[in-house]
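Here's the structure, in structure tokens; my notes come after.
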Amino acid sequence: MLLSDRDLRAEISAGRLGIDPFDDSMVQPSSVDVRLDSLFRVFNNTRYTHIDPAQRQDELTTLVEPAEGEPFVLHPGEFVLGSTLEVCSLPDDLAGRLEGKSSLGRLGLLTHSTAGFIDPGFNGHITLELSNVANLPITLWPGMKIGQLCLLRLSSAAEHPYGSSAVGSKYQGQRGPTPSKAYLNFAQS
């Protein structure tokens, strides 16, 4: 069941759902708007010949931050990682879906490529997979509304929520845009 604005406020007031910093004006009828942080991970296209998910490639991305008051410019066809300004903490009976903002989608900005699901128990900044499918550059301003977080109530609390040792949570507690840890999904020899 998708939570309404009333339910979202009740979960936040009860301290079960954490959104920090929280601004009540960001609550929509069935979601909470989230904003863009100031850190981005840019791919180093000349460092590797290809991306291999089975290999740890620490220098695949570089963390960049625009100067104070300046935007990050996302060029056509470019893909970077960003993150929400807000730290989100979900209880073990709520899951989240990050959706893009319609107004930004109409400009050609994709907020996530594939990973819009947030497991119950997750705590941290939500990493954004930002793509520009327009044919002009798009300026991304730190602090701008970038997406909306929808919350869904599970039929029962998760037995092993994200962050528990049983599920191998790679991104619990992440701060800022976090690079892929896909290599951990492969058997290590």
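Backbone N, Cα and C define each Cβ position, glycine as well.
For the dCTP site that Swiss-Prot gives as LYS101, SER102, SER103, LEU104, GLY105, ARG106, ASP119, THR127, LEU128, GLU129, TYR162, GLN174, the extra residue drawn from GLN57, GLN148 is GLN148. Shown are the recorded positions GLY105, GLY116; the one with the most C-beta atoms within 10 angstroms of its own C-beta is GLY116. Restricting the recorded positions LYS101, SER103, GLY105, LEU128, GLU129, GLN174 to those with a CA within 10 Å of the CA of GLY116 (site 'Important for bifunctional activity') leaves LEU128, GLU129, listed by sequence position. Under 8 Å, Cβ to Cβ, and six or more positions away along its own chain, PHE117 (site 'Important for bifunctional activity') finds ALA95, GLY96, ARG97, LEU98.
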